[in-house]
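J.: Below, the features straight out of Swiss-Prot:
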MOD_RES   MET1  N-formylmethionine
TOPO_DOM  1-15  topological domain 'Cytoplasmic'
TRANSMEM  16-36  transmembrane segment
BINDING   HIS32  bacteriochlorophyll binding site
TOPO_DOM  37-58  topological domain 'Periplasmic'
Amino acid sequence: MSKFYKIWMIFDPRRVFVAQGVFLFLLAVMIHLILLSTPSYNWLEISAAKYNRVAVAE
C-alpha cells in the first residue's frame, strides 16, 4: 500500500477524474430515469396527484 502513489505514473490523473465524472453523471441519469419509469417512485406524477393538477395516468 505504501507504493500505491505509483499508479499515477501509469494513469494520467486528469483523464481518470474526467472519466470518473462522466461515469458518475451517466450513472445518476440512469438511476433517475429508472425511478421515473416506476409508478411508486415517479415524483412527478405523485406531486401532480397530491396537488390535483393533472389526472394520473393508470
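The backbone N, Cα and C atoms fix where each Cβ goes, glycine too.
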J.: Reduced to three states, what secondary structure does DSSP give HIS32 (bacteriochlorophyll binding site)?
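T.: Note: HIS32 (bacteriochlorophyll binding site) is helical by DSSP.
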J.: Would you pick out, from the recorded positions MET1, HIS32, the residue whose Cβ has the largest number of other Cβ atoms within 10 Å?
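T.: The residue with the densest Cβ neighbourhood is HIS32.
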J.: Summarise the topological domain 'Cytoplasmic' (1-15) as counts of helix, strand and coil residues per DSSP.
T.: 10 helix, 0 strand, 5 coil
J.: Which residues of the same chain, at least 6 past either end of the topological domain 'Cytoplasmic' (1-15), have a Cβ under 8 Å from a Cβ in it?
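T.: Those are none; the list is empty.
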J.: What is the interatomic distance between the Cα atoms of the residue listed as 'N-formylmethionine' and the residue listed as 'bacteriochlorophyll binding site', given in whole Å?
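T.: Cα-Cα distance, the residue listed as 'N-formylmethionine' to the residue listed as 'bacteriochlorophyll binding site': 37 Å.
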